[in-house]
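Below: one structure, written as C-alpha cells.
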Amino acid sequence: MKAIHHALALMIIAGASHTVHAQETLEIIVPFAAGGATDIVARSFEPVFSEQLGVTSVVRNLAGASATVGTTEVAKREGNPNIIGYAPAGSLSIQPSLKDLAYGPDSFTYICRTTSNPMFLMVSRSSDIEDFDQLVAASQEQPLLYGSSGPGTLPHLAAAALVVESDLDASHISYSGSGPAMNALAGNEIQFMADTETILENYDLRPLAVFAAQRIEGYEDVPTINELGLPEMEFSVWQGVIAPKGITEERKAQYSDACKATLESDRFKSFAENAKAGIAYLGPDEFESFVKERFEANKQVLHDAGLID
Amino acid sequence: MDIILAAVGDAFAWQALLAIVVGTWAGIIIGGLPGLGSVVGLTIFLPFTFGMSTITSMALLIGVYCGSVYGGSITAILINTPGTPQSAATTFDGYPMTQQGRVDEALGWATFASFFGGVLSCVILIFCAPQLAKFAVNFGSIEVFALICLAMMCIVGVSKGSVMKGLVCGMIGFFLSMVGSDPITGADRFTFGSYTLSSGLTLIPVVVGAFALSEIFVRFSSRDDPGAKIPEARLRLPKLGEWFKRWIELVRGSLIGSFIGALPGTGAAAAAFISYATAQKMSPRRDRLGQGEPDGIIASESSNNAVTGSSFIPTLALGIPGDVVTAMMMGAMVIHGITPGVRLMVDQAQTVYSLFVVLIIVNVAMLILSKPSIGLFRYLFRLHQGYVMAAIVMFSFIGAATVRGNPLDLVVAAVTGILAYALRRADYPLAPLVIGMVLGPELESSLRRGLLIKRGDFFELLTHSGISMALFSLLALLIVWTVWSSIAQWRAAARNQPSYD
Amino acid sequence: MVARLAHPRVLLALGLFLLGVVLAFHAWSGPSDAMLVPRIVLTLWSGVALAITLVELSRVTGTGSWPLSTLPVLMGAVLIAAIAVASLGFLLASLPLVALTLWLFRLHRPLPMALGTLVIAGGLWFLFHHVLLIRLPTLLTSGAL
C-alpha cells in the first residue's frame, strides 16, 4: 500500500512524463542467498539507490549454480524497466564460457560497476615462504596445492593463470567457500591461494604479489605480478548493476545517475569502508566494455588452463 | 575487568534485552513451523538490523538463531514433523512419547536439554575457543572424511526394523545431494541436460517433503481415526532429581554438539544425528531408544542447541563460518563494522564479551519463553485439523519457495512428499534419507579432496595422521560390531519371520 | 508368484531397484573423477534394492492393496499446485490448494472454508510477500500478485 501512496504522490509532483514506471516496485535480484558477502553489499546499496530513483524497491534473492540462476532471470526479463540485477564478476565474465547458459555478455543493459577489489596471492603467515621465488622453489621440490572457493571462481582462475604462466608447479583443490579454504590453508592442506584484501586482513596471511597493474595503496611492499617478471595479470573481484536488454535510454540514464549518486553517498561509503569493499565506479559504456574485455580474458585463461576446449 | 563490566552493561541495555525477547520468541515460532527454519528466520530479521546498534542487532539475530533451533523440536514432538532439519532426530523418541500420552514430559525434556546444551556450549565458547579453534584446524579434509564416515554409521542405528531399507534411503538422500554441479570439478551431474537441475537440490525442500507433506498424507489416510488427534500439550519441566539421573546424557550430548559445531562445514543437523547414534551405543537405557525414551530427546536437543554456541568458535576465532547460519551472522557483523577474523578477540574484545553475555541471556530467555510458545502451538493445534494441515502445506510451500527463490524447489518438495508417503507405508525409515543428504556432500567432497592431496592413493588416506588413524580404526571396529550384531538379529528374526498381506 | 509381484511393497522395491540401475548406468558412463562417488553410491543402491525386492517377494502373501480413498486427489493437488506456482505465481496456485485441502479434511461449511482459505493462503502470502518482503514467486512479470 505504501508503495502505491508513494508512487501516487510522485506522479502528482513530477508529472506523468517523468515517472516512467514508478508505480511499480523496482525488483533488485541478488543471485546469492540472503546474508552472503554480495548480498550484504547489495542490501546496503539498495536503500540509497531506490531513494535516489524515488521508487520503492525490494531485494529478491535468487541463488544457485554459481549465481547464474539469478543472472539468467535478469536476462529473461527483456524490456522490463522495473528489474535490475546486482551481479558478481563470476556470473558475468566466467560462467558463460564454462556452461551452456541462456545469456552471454551481450544479453544485458549495463548500468554501472559498483565495487572492485584486487586479488592477492597469499600464503599462511606460519609458512616460511616469504616471496614468490621461494614459492616457486618450494613447488619444484614438491608440487604444491592451491585452494579456491569453488571450481571456476576468480580465486581458481587467478591461481590457474599464474601456474600456466610461471614455473610454479601446483594443482587445484576446490572448497565450498573462502572460509573452509582458509581452514585448509591454516592446516597446511593447501599452500597458497588467491583472494581479496578482505580475506587477507581477516586471517593470518602473508601477501606475495598482487594481480593488478600497479601496487596497491596500503600494500606498497607487495609487488605486482608483472614486476615478478611474468606477463601482466589483472584479477579483481568486482560487482555491478545490470538491467535487461530493451529498456529505454532514459531509464538507463536514470539508473546510472542513481548508481553514481549512491556510490558517492556517505551512507554507502561508510559501509564500504567497514566491509572493505573498494568503490570503483564505471559508467554504462565503460562497464560494458570492461565486462566484455574481462569475459575474453577469462575465456583465454580457462582455455590455457585446460578447463575448456 | 572494566572491559567485562562494560560488555555486560552493553548486553543488559534495554534495547538489547528487548531484541533478545523479540528475536528468541519469533525464532521459536518460526522454528516450530515446518518448512521455516533458521535461515528463513534470519532472512526475515536481517533487514531490520541495518538501523540498529551492533549489540542490539546481534542480540536479535542470535535470539532468532537459538530460538529456531529449539522451536523445531516442538512440532517434531507434537505432530512428528520436525520444524527444522536440526530437529529431525527428535522425532525418533519425541513422537512415540506423544503417542503414549507423555507429550508434556517430552516437551519438558526437549526444553531443558536445549537450554542445557546452549548454556554449556556458551561456557565452552568463553573458556576454550582458542584451543578448540586450534584443534579444529587439524581437521583437514581427510580427518573430516573419517569423522563423516563414522557419523554415517548412525544410519544403521536409526533404521528401525530394516537396516537394508535404511541403507537404501540413505543412498537416495546421498544421491539427491549429488544432482547439480560437481563440487570439485564443476561438471554437471544427473542434470540430463536441464539447466534448472544444474543448480542442484537443496535440503529444505526434501526435508519438507519427507516429513511435513508425507505426514499430511499419513494423517489424511487416518483422518477419521480419533487417535490421530493432536494432543493437548503443556510443558512440564523435569524435576531436579529426574535430570540428575540423566546428567551424563545431557553432558555427552552437549559436548558432542559443541565439538561438531566447532568444526567448519558441519552443523546442527549432523550433530543431532551423531549424538543420537552415540546414545544408542552408550545410554544405559539404550534398549528403549526409539520407543519413547527421554534419552533420545536429550541426545538430539542438547547437541543441536550446543551447536549454536560453539559454531561461533570458528567464526570468532578464525573468521570461518561453521555453516550457512553463522555465515549470515558473519555478514551482519561486517555491516556493523566487526570484522571476524584472527584479530577480533584483540581488537574488539568488548564486543566479543557482550556477544558471550547475549548468548547466555538468549538461552535463559528461551527457557522462559518456551511456555508461552508451546501455549501458542497448543492454541493453534486446537483448531479443526483441516486448518492445521492446510497451514502446514502453505508453510511447507513458503519454506521451499524462499530457500533460494527457485520454483523448482516446490516441485521437489511435492514429489519427495509423495515418494516419502509410499516409503513410509512400506516401512522404510525416512531419517536416513535426511542423514544421507546432510552428510553426503561433505563425505564426498572431503574424500575427493583427500584423494587429490594423496594423488589418488586411497590407502594413504588411512595413514594420513594420528587423528585420522584413530578415527578409521574406530570405524573398522564399529563396522565389525554392527555386522556381527545384525547377523545375530537376522538369525533371530528368521526364526519368527513376519509376513505382510 | 505373478500375484505377489503386484503387491505395492514389491512394486516399490522393484521401482527403486530399476531407478538405481538406470542411474548407476548413467554414472558409469560419465567422467571417472566427477562420477567416482556416484558410481559407488548407486551401485550399492541397486544391490541393496535388489535384495529388498527379493526379501519383500518372499514375505508378502496375496495381492494386498493399500486403501487410498481420495488420497491421490490430495497428492495430485499438491503436485499440480507446486508445478503451477512457477507460472501462476504463489497466490493463485495456493488458493485452490488450500480450499481443496480444507474440503478433503472434512471442512464442508462454506463460511469457515472461505475464511480459512482467505486467511491461510491469502493471509500468509500477504504477510510474507508484502509485509516481510520475502518475495514469493509471482504471476509472470508483474510484481504485485
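Including glycine, each Cβ sits where the backbone N, Cα and C put it.
Cross-referencing B:192-213, B:434-455 with TrEMBL places the feature transmembrane segment at B:192-213. Taking every recorded stretch in B:57-79, B:106-128, B:255-279 and counting its Cβ pairs under 8 Å to the transmembrane segment (B:12-45), the highest total belongs to B:57-79. Between the transmembrane segment (B:351-369) and the stretches B:106-128, B:135-158, B:458-484, the greatest number of Cβ pairs separated by less than 8 Å involves B:106-128. Long-range contacts of the transmembrane segment (B:135-158) within its own chain (CB-CB distance under 8 A, at least 6 residues past either end) are made by residues 89, 92, 166-167, 170, 262-265, 270, 273-274, 276-277, 280-281, 290, 313-314, 318, 429, 431-432, 435-436, 439, 442-443, 445-447, 449-450, 453-454, 461, 464-465, 467-468, 471-472, 474-475, 478-479, 482, 486. Contact between the transmembrane segment (B:106-128) and the transmembrane segment (B:381-401) does not hold: fewer than three of their C-beta pairs are under 8 Å, each pair 6 or more apart in sequence.
Only residues 6 or more beyond the boundaries of the transmembrane segment (B:255-279), in the same chain, are considered here, and those with a CB under 8 A from a CB of the stretch are 69, 85-90, 92, 117, 120-121, 124-125, 132-133, 135-136, 139, 144, 147, 150-151, 153-154, 157-158, 203, 249, 286, 289, 295-296, 298-311, 313-314, 320-325, 431, 434-435, 438-439, 442.
Mean model confidence of the domain 'DUF112' (B:17-435) amounts to 85 (pLDDT, 0 to 100 scale).
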